[in-house]
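Per Swiss-Prot, these features apply:
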- 1-20: signal peptide (SIGNAL)
- 21-62: domain 'Chitin-binding type-1' (DOMAIN)
- Cys23-Cys38: disulfide bond (DISULFID)
- Cys32-Cys44: disulfide bond (DISULFID)
- Cys37-Cys51: disulfide bond (DISULFID)
- Cys56-Cys60: disulfide bond (DISULFID)
- Cys92-Cys154: disulfide bond (DISULFID)
- Glu136: active site, proton donor (ACT_SITE)
- Cys166-Cys174: disulfide bond (DISULFID)
- Cys273-Cys305: disulfide bond (DISULFID)
Amino acid sequence: MKSCLLLFLIFSFLLSFSLAEQCGRQAGGALCPNGLCCSEFGWCGDTEAYCKQPGCQSQCGGTPPGPTGDLSGIISRSQFDDMLKHRNDNACPARGFYTYDAFINAAKSFPGFGTTGDTATRKKEIAAFFGQTSHETTGGWATAPDGPYSWGYCFKQEQNPSSNYCSPSAEWPCASGKSYYGRGPMQLSWNYNYGQCGRAIGSDLLNNPDLVSNDPVIAFKAAIWFWMTPQSPKPSCHAVIVGQWQPSDADRAAGRVPGYGVITNIINGGLECGRGQDARVADRIGFYQRYCNILGVNPGGNLDCYNQRSFASVNFFLDAAI
């Protein structure tokens, strides 16, 4: 009898570990394998209980996409080169770094990316991703050859950072001598983002942040991770562009409606949105429209965030209320 009780206790102990949450904020930002939805409680699946909005945290498309997540049918090598026409210019510090093969390889780790919805939706997501990341890495200027929107991906890391971007954190402690300034296509910043991203993609970015600016596949993975991962109260960029995000009454009251403009709000709304006409927002739109034209897809409406209150202001008021 005692031996049976002991076996039961051992089984229960092991079961508690096997049932640990699998994804989302409960698992350090991890994504579900094979494009499965991450439920609001941190579990992976493909039914409505996992994928319904609001609640679903990432990859909320329902039925998982194909097993490879290969985007070569959505964006060709020649289109990639045309979009990022001057990335290898001698004036660009990132010349030779960002390659088509690195992008395609990295995207395979995120099966929902660029594979959700119909062909037009998939192309819009790729155009939106490169539109936003091109602004973050642009080397263009108003009179640049081929126009300012042909100079995305000119940089791979922040120039002359004024901070080491280290925020005190027990969960994501900064490594000695390391700085967490902007790196890669999305200019990933701060130790807590490096920590969560590293856990999700299987690389120790807390101790090796330079991997994001030294390894092009990891650079793209870090950018796509940011794109696919919601950070409450913000939805993921992915959920917005594929039409999975449904704004709440509070979102609508703040002017946040589905469209490319909300993605700008997610990425840098605290500095760029709700200020009327803004050159930075216009720059993001210019890249996106050019890429939509190359990929042959309509960019849709609601492209700016000029009159949107930022998600950051939502955080502020919630904190003040608490």
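Every residue number used here counts from 1 along the chain in the order it is shown.
Just so you know, glycine gets a Cβ as well, placed from its N, Cα and C.
The average pLDDT computed for the domain 'Chitin-binding type-1' (21-62) is 75. Recorded residues Cys56 (disulfide bond) and Cys166 (disulfide bond) have their alpha carbons 30 Å apart, per Cα-Cα distance. The disulfide-bonded residues recorded for this entry are Cys23, Cys92, Cys166, Cys273, and the Cα of Cys23 lies nearest to that of Cys60 (disulfide bond). Most Cβ neighbours within 10 Å, among the disulfide-bonded residues Cys37, Cys44, Cys60, Cys174: Cys37 holds that distinction in the structure as shown. Among the disulfide-bonded residues Cys23, Cys37, Cys92, Cys305, the residue whose Cα lies closest in space to that of Cys166 (disulfide bond) is Cys23. You'll find the Cα of Cys32 (disulfide bond) roughly 6 Å from the Cα of Cys23 (disulfide bond).
According to its DSSP assignment, Glu136 (active site, proton donor) is helical.
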